Structure formats: structure tokens, C-alpha cells
Amino acid sequence: MLGRDEDLVRTMSGRGSLGSTSHRSLAGAASKSFRDVFAPPTDDVFGRSDRREEDDVELRWAALERLPTYDRLRKGMLPQTMVNGKIGLEDVDVTNLAPKEKKHLMEMILKFVEEDNEKFLRRLRERTDRVGIEVPKIEVRYENLSVEGDVRSASRALPTLFNVTLNTIESILGLFHLLPSKKRKIEILKDISGIIKPSRMTLLLGPPSSGKTTLLQALAGKLDDTLQMSGRITYCGHEFREFVPQKTCAYISQHDLHFGEMTVRESLDFSGRCLGVGTRYQLLTELSRREREAGIKPDPEIDAFMKSIAISGQETSLVTDYVLKLLGLDICADTLVGDVMRRGISGGQRKRLTTGEMLVGPATALFMDEISTGLDSSTTFQICKFMRQLVHIADVTMVISLLQPAPETFELFDDIILLSEGQIVYQGSRDNVLEFFEYMGFKCPERKGIADFLQEVTSKKDQEQYWNRREHPYSYVSVHDFSSGFNSFHAGQQLASEFRVPYDKAKTHPAALVTQKYGISNKDLFKACFDREWLLMKRNSFVYVFKTVQITIMSLIAMTVYFRTEMHVGTVQDGQKFYGALFFSLINLMFNGMAELAFTVMRLPVFFKQRDFLFYPPWAFALPGFLLKIPLSLIESVIWIALTYYTIGFAPSAARFFRQLLAYFCVNQMALSLFRFLGALGRTEVIANSGGTLALLVVFVLGGFIISKDDIPSWLTWCYYTSPMMYGQTALVINEFLDERWGSPNNDTRINAKTVGEVLLKSRGFFTEPYWFWICIGALLGFTVLFNFCYIIALMYLNPLGNSKATTVVEEGKDKHKGSHSGTGGSVVELTSTSSHGPKKGMVLPFQPLSLAFNNVNYYVDMPAEMKAQGVEGDRLQLLRDVGGAFRPGVLTALVGVSGAGKTTLMDVLAGRKTGGYVEGSINISGYPKNQATFARVSGYCEQNDIHSPHVTVYESLIYSAWLRLSADIDTKTREMFVEEVMELVELKPLRNSIVGLPGVDGLSTEQRKRLTIAVELVANPSIIFMDEPTSGLDARAAAIVMRTVRNTVDTGRTVVCTIHQPSIDIFESFDELLLMKRGGQVIYAGTLGHHSQKLVEYFEAIEGVPKIKDGYNPATWMLDVTTPSMESQMSVDFAQIFVNSSVNRRNQELIKELSTPPPGSNDLYFRTKYAQPFSTQTKACFWKMYWSNWRYPQYNAIRFLMTVVIGVLFGLLFWQTGTKIEKEQDLNNFFGAMYAAVLFLGATNAATVQPAVAIERTVFYREKAAGMYSAIPYAISQVAVEIMYNTIQTGVYTLILYSMIGYDWTVVKFFWFYYYMLTCFVYFTLYGMMLVALTPNYQIAGICLSFFLSFWNLFSGFLIPRPQIPIWWRWYYWASPVAWTLYGIITSQVGDRDSIVHITGVGDMSLKTLLKNGFGFDYDFLPVVAVVHIAWILIFLFAFAYGIKFLNFQRR
């Protein structure tokens, strides 16, 4: 590394070259230069001719320049307030600035970011130019680039249980070339070529599925491994193998993955810390040397800034402060990012955080994928303006894909790349793009955004309206024709001529391409990851406290169950209870590690993103987690042993106490490591939970307690030695039973052992030599190291499961292009002007037109803790202030405001979707006070987050919504016709059989999902529709389709209100009225828009100081620009107050008053029933959806059946024919152990795997319940019914395997009893898992509760300690353990009627029936009662699940 740095410095010295600060090193901005602030004129304190002060400053600079390089680059001169109150320059350590100093410095250089950023960047550039330092530049070329993917044909693409099984078998056979592949190739990018130049900002446009994301990923070296790429990509003539593309460039994904527990600032600081400073330090060294030689003194604040950002490994950096200001995130810098559990930043802020995460690094080529989703047009414009300044001043290479760029944003770009159907339609200067399309015969109309025109002109459905050659008849111009036309156009020919001249590699700047894999040293990477892990642990401290409390409670229970007064010593029978106590301790310390599984899976998405961007190596992520859990592991082990060791009455020796502590600690460490590894291996909750339970099962069963080593089939003995549990169990029993108090002589001549302790060890096949204790400790530590190593390997090589490609059914024999966005048939996408509402077809079902009026609406939430910590006073935070407005039938209203203005909050309040907070004010529906129960029946709410059941198709989603929300008197045929009509309207017919999927994982794209959200509400035939950002995340064409749908809906007489972020001119002017809000939740305009927004423009232009709108400018963007807080402060006005006093508001108040009074002869809304459909139909519809959801969820059900077969066969082999021979006590123990394991582990697997499945559907349930689709009870019943259906089949498979392999009696009665108890057992376990999800906020807490109560059930199952031996004060709980009833039923029904003789060590012979009755309390005549109790358990868990679903709502809105 040092050698490379010296080369760079030498190159700079020789050529005057080393690159500037890359685009982030040029961070910061300047309001006034230091010299401007402290120049001599007038009253400046430094302006007087006092030579002493000037000399003092000169001396300080001279002293600074004489310091060694290392120290000099860490010292800067900043103005400080002296003791006498004067301001003077003081030298400061720039690597250790206090937050106040950082803020002061940022204020000096970047007071008003909108105005000062460009000045500041120029000052940075001027500093490097002044001494002749050249900036590194990157030119990216791609030649003949093609990308292909595999796709399954027809309905085999749907992930049903059947299809996945067949596809898996085919894939396995295909690996061995036994079967040809059934997949076919699909072209995503088709032989494209182009050049991306530095210092020019390029806009990537194209309809959805045109290949934009694939192109950006290919250029950034981030292409999915499952795709095949051909062609060539070079950076400055160098191919990817010659440098590290992930460090040379930065790819900004459209998916926002962040840790919800960290604040915005912490997230950016961590990013900046890991990505490093690139060549900033070498630049500064050379810059400082040259300035000293030339006698140049830099601006002190610029010098301090550049020095501060050039030092790598800092925990916090000024780059973070700069990026926070640049992206407008400084207002939420110390707010948690948030997740499903925590309230955090808004969607728009999250999107900007994703952008900022890569901006804080040193990359000089940036590929940004849809960075404007969820942002208003004003914010998008500002960010793109700052990016343009960065590109032009710092010579950065940048490509940005945007969905709906406003005209003013579009004009910021220098070059355009237009993609369609995987082909390049145009690439070149923005100035020539309209000329090209005119050359092809198409013209962009006036008042039409060029970007919108470009995305529509290649579409088959929209092209004709732009045809300009009236003398020639129109015929469709295909994408291929456009592409060929571009090659003959002058811009295409110029591009071809540039390609003929290869890039001169010799001109490549040595700092342009990065060859080091990571940005900082391994030590600094480890420290950064360690600090973050510690922070995440502190933020999740509740879970760790909960775990510690859990283990404390379990240890208290263990010590009271195995209380020393009940624990006698000296005989073999006494030893059996100690075995149970030791095994139970072991189980708890193992189970306590299972929470690590959920944590690991939860953190993987962010890890995979950061690993692929080379933030850090996998070991740096893994090791801190391992090291920080050691103290926790020790605490848990100490708590357990401190509470249980002497109270249970283990060997009193102090040495044995500490040896048992060591064994517990090693077992806990091994368990944590194992579950971390399994989490990384499984990667999803369902697979990881299944794998975790299977691993537990294997290590437990082979641990030596459930089945003796001597009874394991000889060919499976190797499994015994590979079970970590065996070593933990061996260490504990050797430590206990080789103590002198177990040294009484053995009287049983059939066992070759001297003492009772040795008899106890040998009877279960354990070793009797003391040195085995240390061998076992060594083995446990070895397993800990092995599992951590495997964890790192899994993190290194495995990729996330699932991908973002939609599962769309492609019919064989039909030509379907991925990337063509054209549906079948349909009219041109044109938004109907507001002045001519002709009659519309569609939406013909009868409905009642309703108005909504609201006044003086205020909304408060409890003051967030982080704001209180910052000194904000008050108990409540007000989000809406005296908001008033009216929405009428047939009138389309836009609700507009910048991010944080309270648009979604207002909509949630009006729609009755808030679950918390305090609402004040009046809300009336057609003059009557709003009643939420009836309002839900007549309203629809299209949420911003597009929440749908992931495992059903688009058509099924719509049929389901219509089935439950349309009134019962509409017949099936009419309902289906209506659904077809809505699908036609929203252009969903081509996606009819597509799986919906999970956002960002699989299934529908963002815009397809958005259209589905709208369609789901439209099929309900509502009178009032709320739409929260219906065009967010859509390209211009998709937005136009959506808005045409909305317009058509309004024209049928419905009341529609939409929040909207970045409307184009034609979208904005399709609205009739506007409610404009500013930050703080205040209204600043409420009224009609007028033709071409005339009334809106007149209102704001009448306010003194507001700049006039330019011709052709988007009124929506202009309106947001002139009402920003900075404009308010510049003009010294309050737009909210101006509106309150305006005539527009008086008219608004009159309208509100009019609509708040019921019309004469009208009646309030009334429905005979709360829901549209009766109880039976609700249940039937819910069951129908649940059935298809489960059938198409192979991750859940295929894993469930695979686990059933694997566990069944494993137990069958381990306990082969144990049911036929029960001759001695150990045979009965093995038989009991077989049933105990068979019941507990597969039951626990069912409980664990059902939880994530129920949790996903619960989010959908909250939306559907709020929409008034059904009661909670039919939903609960149907979900349970589907699970019971699968449990029935699962039990059949399991019973046949176990019953035949273990060797039970083949009689009808015994087989029925076995099947019955197994079935009811699996059902209550599944219901128990579902119940915990319904009663807890999320499935992570549900998982912790599950393991906690499973420990109870396990302890009191009757296996670890038989019922007659349980102390009297705990015996009642035996009857409260469902597992105990199941074991009672199975064992008694199979062998409880046998009179065969069993030999008991140390006691003698006894009949099996008597032994079961006296030793275990099992009575054959009690079986019918046991059978009834199983039904009771199922009903208890069913009612608890239904209660949780009906009455508990953990959604926070």
C-alpha cells in the first residue's frame, strides 16, 4: 500500500496530477470565504492596523507549516472566541473536532446549502488547480453488451408445492445431465454499446422492465450471478479484472436496506468509516507540499475541511455532516432509521439515506438507480442540482435513472440514455434528443414534459398521438426501428466514430482506478464493525435483558423442581433424577442460544448489501458478534449455576462447581455459534428455523441421554461422536457421578463397575475416565471455533435467497418480450382535461356519492424520547395544525406538500387509520359526523406501502377483495365482470396470473404493485377513495395510466383525494382542486387550480416577493419552490398566516360549512350489517385465499414435509424396532426417549416455522381489517383450518414412517390412537406458534416466548422427571403441559396394556403395566380423558389466537 501511495505522490509531483478529493472529498460548501469574513473594511475587529495580531497569525501559520507532515495534516486554523470575547485564529486538531466545532465550521462554509454548495465546491477545485494538481477522471465504455436470464415457461413458473418439487428434481437431474433443462433464455439487454463520459451528468430513462437496473448493475460490476453477460465493459480502457470496480464506482440501489436501530448520522458515519478516504490523504500531502513551495496560504476553513476528511478510520467525519446537509437529512440526523418495530424516518428520507450511504465514500463514478422514489419534485430537483455541481466541478462520472423527472430536473442533465425492451433507442446530448425523434417522425407537444414524452413514444399504445408526419399514414415504429434509426442519426454516427478510437490507457490517472479491495486497514475495519455491533446490542438491550430474565426464571423453576430435599444420593434410582436435572440445564443453555438465529437472519439483508459493496470482509462482521456475546454467555452460565448448583444438591466440591460452570459456558458458546451458522445458512426465517430445530433435534437425540450410546445402531455410532451435545452431556455427568459421594460399591453383578457412579455412567453408555471431562471441554471449544469458521464461510460465499424478478407466467408459443410494457388492446394514455368530463364506461355498479368536510383538525403524538433528550420541551408533538378542507363527489383533489408536511398523516386521520396519537376537530360525511364502522364500508384507501398477500396471483387478489367488499346482493358473474373491467382499466390483464410476491424480494415490480393496490380498492366500488402517493415509484407512462384510472373513477361521481410527490404538468393539471401543506402540518392553499393552474399561480404571485412563474414551467414544482422554509425566511412571511387571512380561505370555510350541514331529506349512512358479506361467506373467502397462499408457499410447506420425512426416517433408524423389545429399564428409557423426541421436536418445528408465515399475513390482515373486509374470527378460523389440513397430511406421512420402523403392534385401535395423538399434538403446536404471533408485536419476540414456554413443557413432559417424582408444589404443572398429555396418550396406548416383565437396575423385575403405573403414573383406563384433553388444548390455543387477532393491534400509525 505504501509503495502505491509513494507512486501517486511521485506522479503528482512529476506531472502535476494527483486527483482531487473525489466527489465526496469535495464535500462542504461556502457562504463566504474566510477572507470575505475577516477582510479589513469598516468595523471588522481584525481590520485595524494592529501588526501584533497579524504577526501572531503569521507566526501560527509558520509554526504549522514547520510541523512534520503527519502532524501538519492533522492541524488546522479556525476562528475561536477568545477569553476577552474577541475572535481570533486558533490551531485545532481537525481529526477530533467537537460536535459544536463541526457545526460551526459547516455553518461557515455551507450556511445556505442551496446557494453555497457550488461556491464551496469551486473553492475546493480552485485550491487544487492553483498548484496544478490534475483531477482523476473515469470514462466508462460498454461494447456489444448483452445480458440473458433463465425463465420457466407457462404455469411451471408459479411456486406451488407441486411445481417446486418437480423443478427441484429436474434441477438435480440436470446437474448430472440426465435431463435437459426446461428453462428458456430471456434477453434483458440486447447488444448495446455506449460511452459514459466524466464531467457530464447522464440521465437513464426507460419504461419499467426495460433493463435500466440491469444496465446500471452491469456497469458497476454488480450483476446478479444468475444472469449471463457477454460483451465488454471498460473503465479508462481497463477491464474489471485489472482493478476493483466496487471501490472505483458506487452503485446506489433502489432498495432501501438499513439497520432500523441506528440513527441516520450513525448509518452514514459507519459507511464513511468503512469506505475510507481513497486518495484524499495523498492529495493533501502533495497539495500541502506544493502550497508551501509556492508560498500560498489556503483559506483556513477550506484547509480545515480538507484535512478533516482526509484522515481515514475516524468514527465521525465532516463528510457525513456535508452529505446530511446536501440531502436535506440534517433535520433527522439523530432520528432512528426505524423498521417494523420502531417509528423512524419517512420513506423519502430513507431513500435519501440510501443515496447518502454511498456518497460519503471516495468513489468517482456513481450509478444511481431510481433515487427519487418517494421524494417530491422540489427535493429531487435540489439533489440533482447538487449532483450536477459535483459532476461539473469535481469531474465525477455519473449516471442517474429517474422515473418521473420534472422538466426543470430533466434540464439539469447533459446526456440521455433511453432504453426500451433492452435496446438503446438514443444515447447522446440532451439538446439533440427531440431532434432525433422529429427525424423519426414524432414530435413532443407543448406543455408535455420531454422525459414523459420519451418514455411514452416507444410504447405501442401511446406512440400514435405523437406522430407528426401528417402527410404519411401512421404505422407502428418498433424499438428495433428506433435503434436502427439512431445509428444513421448524426449523434449515433458520432458515437460510432468515438468507439473506433480506443481509449489510451496510458492517459489513465494513477488515482482513477482503485486496486485495493477495502478502504481501510483490517484493524480499522474490525474496530468499526465492533463499535457498530456494540451499538446494535445496546439498542436491542431489551432482548438480552429478556433472555437473562428468562434463564433466571427457568433456573428458579429447575431448582424448585429438583430441590435438594427431594434429591437423594447413593443409589442408581437417585442418579436418574440428577441425570434429568443435568440434561434440563443443558437444554436451557442450548435453547437460550436460539434467539441468535432470528438476530442473524434479521441482519443478513444489510450485511449482504455491504459485503457486496466491499464495506468490510465477512470475518469483520462475524467476529464482533462472537466476542461481544462471550460476556453475556458467561453471565447467563453464572446465573444458572449460582441459582441451581447447591440448591439442587450437586457435588459440593468447589472444583466441581467451577468445572460445571466451564462446561455450561462452553455449551452456551457452542450453541450461539451453531445458531449463528444456521441463520447464515438458512438466510430466511422459515428455512433457518427449520434448520435450527433439526440441528437441535440431531444433537439432542445423539447426546447420550435420550438414547444410550450402546443402543444406537453400530453403523450410526459416528453420528454420536459428531454431536456437540454428547460432549456437553459427558462433561457434566462425569463431573457429577465421579464425585466421591457416588462412590458406594456396586452390588449389581451384571454391570462391570466398581461404584454406583460408574454404574450410572455405564448404564447410559458414557465414559468413566476422569480425563474425558477435559477432552469434552476441548471438543466443545473446537466446535465453537468450527461453527464460527463455517459461519464466516457461509457469509463469504452464500447470496440472499430469492430475487427481484417477477414470477410472470409466460405462455408457450406466445411471443412475450420482457421489457415491453404494452398490454393487449386499450386506448392511448391521455389524461382527460378537467374541463370536459365526457361519459365514461366502467365502474358501473351503483354507489352513493358522498362528500367529506373537515375543519380545525389537529393531531398530536407523544413526544419522541430522542427529541426530549435533545431538550425539546412539552409532552406532545403536534403534526397537524388547524387543517380544514372539503372533498366533493366528481372532484379530484391533490394533497401536496414537501416531505414531512403531514400529507399521509392527514389522510390517515381522515380515513380513520391512525392507531395512536390524539385527534381533535370535526370530520363530516355528507353533513353527518363520521362513524368509522360505516365509513370503512364506503371508502377505499390505497396505502403508500402496497401491502398484499405475497403468495396469491394478481387476479386472485382482486377477486378476493371484490368477494368480501361488494354487497351480498351482487351475483358472482357480475362481480367477476366488474373485476375484469377494473383489470382492463388499470392495465393488469397481462399480469393476471403473476404471483404478487414480497416487495424487493420477488414478484411484481414497484409500479405493478402500485397498480394492484389501486385495483384492490377500486373493485370494492367505494364512494370516497384516498390514495397515498399513487404515482410514487412509477415512471411517467405508468403514472399516466394510474392517473387516467383515477380520473375515470372521479368522472363516475366518486370523491377522490390523492397525495402526490412529484407530479408532471399534465398529471398535476388533471386535478381539479388542491390542498397544499407546508412542513409543520399547516395549510397554505386550499381551492381550485383553474385552467393551466391559473388560479393557483395568481394566488401566489399576488404575495409580495414571490417570483413569477416562467413560461412552460411546472406549476407544481414552482409552487413547492416558492413556499420552502428558506423562501419564507428570505421574504419574512408566513404562508399559513397569509392563507388564513385570504379570500380563498373564506371561500373554503364557506364550502366546509355548507358540506358540514346535511342536505334536506337526506339520511345518515346506514347498513344492516357491519360487513358486506355474512359470516359464512367471510370464512369461505378467507379459507380460499389461505388455501392458495399456503399451496404457493413452498419455502414453508415443502420444508415442513421435508423435515417430517427426514425426522421420521432419522428416528426410525435410531430407534429401530424399540417397540418390540422392552426387557430392561434402559429399553423403556429409549422407548420413552423416542416418543419424547418424536413429539417435541417435530411439534416445535411446526410452532417455529408457522410464525414467520403468520407474521407476513398479519400485516396484510391489518390493512384488510381496517378496510372492513371481514371480522377477525372468520380470518382466524380459516387460517387454522388450512393449517389443520396440512397437519393431517403431515401426520399421515410421519405416522407411517415411525409406526413401521419403531415396530409397534399393527392393530387398528393402536394405530388410530397413535395417529390421533400425533395429529392433535401437531395441531396444538402449530396453533401455539400462531397464538404467540397474535399476542406479541413481532415474530422475534414470539420466537423468544416460544423457546421459553417450550422449556416448561419439556421439563414437565414426564420424561426428564416422571410425574410421581415431581415435588408436590409443582405437580399441578404436569397437567398444564400439553406434551405430557401427548406422551401419556402415546406410550399408554402402545404399551400400557402389556404384562411383559422388565428388569430394573438395583430393584429387580416388574411387569411393564405396573412399572408404567407406579413409576410414571400412566393408567391405560385414563386414555379417553387424555383424548378429550387434547381437543381442549386445541380449543384453548385457537381462542387465544382469535382473541389476539381480534383485539390486539401492534401496528403503529
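Just so it is clear, glycine is given a Cβ too, placed from its N, Cα and C backbone atoms.
If you look up Swiss-Prot, you'll see 1-24 marked as region 'Disordered'.
Look at Swiss-Prot and you will find 173-446 tagged as domain 'ABC transporter 1', backed by sequence analysis.
Per Swiss-Prot, the feature domain 'ABC transmembrane type-2 1' maps to 524-737.
What Swiss-Prot records for 542-562 (among others) is transmembrane segment.
Annotation comment: Swiss-Prot describes 582-602 (among others) as transmembrane segment, evidence class sequence analysis. Non-local neighbours of the transmembrane segment (582-602) in the same chain are 540, 543, 547, 550-551, 554-555, 558, 562, 629, 636-637, 640, 644, 664, 667-668, 671-672, 674-676, 678-680, 682-685, 688-689, 692, 696, 699-700, 703, 705, 725, 728-729, 732-733, 736, 1339-1340, 1343-1344, 1347, 1350-1351, 1354-1355, 1360; each lies 6+ residues outside the stretch with a CB under 8 Å from one of its CB atoms.
Taken from Swiss-Prot, the feature transmembrane segment applies to 621-641 (among others), supported by sequence analysis. Counting only same-chain residues 6+ beyond the ends of the transmembrane segment (621-641), those with a CB under 8 A from a CB of the stretch are 526, 529-530, 532-534, 537, 544, 547-548, 551-552, 554-555, 585, 588-589, 592, 596, 607, 610-611, 657, 660-661, 664-665, 668-669, 672-673, 676, 788, 791-792, 795.
Under the heading transmembrane segment, Swiss-Prot lists 661-681 (among others).
Per Swiss-Prot, transmembrane segment is recorded for 687-707 (among others), and the stated evidence type is sequence analysis. Residues 579, 583, 586-587, 590-591, 594, 597-598, 600-601, 674-675, 678-679, 681, 719-720, 722-726, 728-730, 764-766, 801, 1195, 1199-1200, 1203, 1206-1207, 1210-1211, 1214-1215, 1230, 1233-1234, 1236-1237, 1241, 1244-1245, 1248-1249, 1251-1252, 1343 of the same chain lie 6+ residues outside the transmembrane segment (687-707) yet bring a C-beta within less than 8 angstroms of a C-beta in it.
Residues or ranges marked as domain 'ABC transporter 2' in Swiss-Prot (evidence: sequence analysis): 852-1105.
Per Swiss-Prot, ATP 2 binding site is recorded for Gly897, Val898, Ser899, Gly900, Ala901, Gly902, Lys903, Thr904. DSSP assigns Val898 (ATP 2 binding site) to coil in the three-state reduction, outside any helix or strand. Within the same chain, residues at least 6 positions away in sequence whose Cβ sits under 8 Å from that of Val898 (ATP 2 binding site) are Asp376, Ser378, Thr379, Lys1078, Arg1079, Leu1120, Thr1124.
Long-range neighbours of the transmembrane segment (1196-1216) within the same chain, counting only residues 6 or more positions beyond its ends whose Cβ lies under 8 Å from a Cβ of the stretch, are 161, 164-165, 686-687, 690, 693-694, 697-698, 701-702, 707, 712-713, 716, 1190, 1230-1231, 1233-1234, 1237-1238, 1241-1242, 1245-1246, 1249-1250, 1252-1253, 1286, 1289-1290, 1293-1294, 1297-1298, 1300-1303. Positions annotated as transmembrane segment by Swiss-Prot, on the basis of sequence analysis: 1196-1216 (among others).
According to Swiss-Prot, the transmembrane segment annotation covers 1230-1250 (among others), on the basis of sequence analysis.
Annotation source Swiss-Prot lists transmembrane segment at 1289-1309 (among others), citing sequence analysis. Counting residues 6+ beyond its ends, the transmembrane segment (1289-1309) has Cβ neighbours under 8 Å at 1200-1201, 1204-1205, 1207-1209, 1211-1213, 1215-1220, 1234, 1238, 1242, 1246, 1315, 1318-1319, 1322, 1390 in the same chain.
Per Swiss-Prot, the feature transmembrane segment maps to 1311-1331 (among others); the stated evidence is sequence analysis.
Long-range contacts of the transmembrane segment (1341-1361) within the same chain, counting only residues at least 6 positions beyond its ends with a Cβ under 8 Å from a Cβ of the stretch, are 543, 546-547, 550, 553-554, 557-558, 561-562, 577, 580-581, 583-584, 587-588, 591-592, 594-595, 597-598, 689, 1232-1233, 1236, 1240, 1244, 1247-1248, 1251, 1255, 1328-1329, 1332-1333, 1335, 1370, 1373-1374, 1376-1380, 1383-1384, 1416-1417. Residues or ranges marked as transmembrane segment by Swiss-Prot: 1341-1361 (among others).
Only residues 6 or more beyond the boundaries of the transmembrane segment (1366-1386), in the same chain, are considered here, and those with a CB under 8 A from a CB of the stretch are 557, 560-561, 563, 566, 1232, 1235-1236, 1239-1240, 1243, 1313-1314, 1316-1318, 1320-1321, 1324, 1328, 1352-1354, 1356-1359, 1418, 1422-1423, 1426-1427, 1429-1430, 1433. According to Swiss-Prot, the feature transmembrane segment maps to 1366-1386 (among others).
Excluding Gly897, Val898, Ser899, Gly900, Ala901, Gly902, Lys903, Thr904 themselves, the residues of that chain whose CB lies within 8 A of the CB mean position for the ATP 2 site are, in sequence, Ser346, Asp376, Thr905, Met1077, Arg1079. Residue environment of Lys903 (ATP 2 binding site) contains 26 other Cβ atoms, counted within 10 Å of its Cβ in all protein chains. Taking the binding-site residues Gly897, Ser899, Gly900, Thr904 in turn and counting surrounding C-beta atoms within 10 angstroms, the largest count is reached at Gly897. Within the model, the domain 'ABC transporter 1' (173-446) carries an average pLDDT of 89. Residues 1272-1273, 1276-1277, 1280, 1313, 1316-1317, 1320-1321, 1323-1324, 1327-1328, 1330-1331, 1334-1335, 1378, 1381-1382, 1384-1385, 1388-1389, 1392 of the same chain, all 6+ positions outside the transmembrane segment (1422-1442), place their C-beta atoms under 8 angstroms from a C-beta of that stretch.
Taking Cβ pairs closer than 8 Å, the transmembrane segment (542-562) reaches residues 577-578, 580-581, 584-585, 588-589, 592, 595, 599, 632, 635-636, 639-640, 643-644, 647-649, 1340-1341, 1344, 1348, 1351-1352, 1355, 1361, 1366-1367, 1369-1370 in its own chain, all 6 or more past its ends. Listed in sequence order, Tyr859, Leu879, Leu880, Val883, Met1077, Gly1080, Gly1081 are the same-chain residues at least 6 apart in sequence whose CB falls under 8 Å from the CB of Gly902 (ATP 2 binding site). For Ala901 (ATP 2 binding site), the Cβ neighbour count at a 10 Å cut-off comes to 26, with all displayed protein chains included. The secondary structure of Thr904 (ATP 2 binding site), as reduced to three states from DSSP, is helical.
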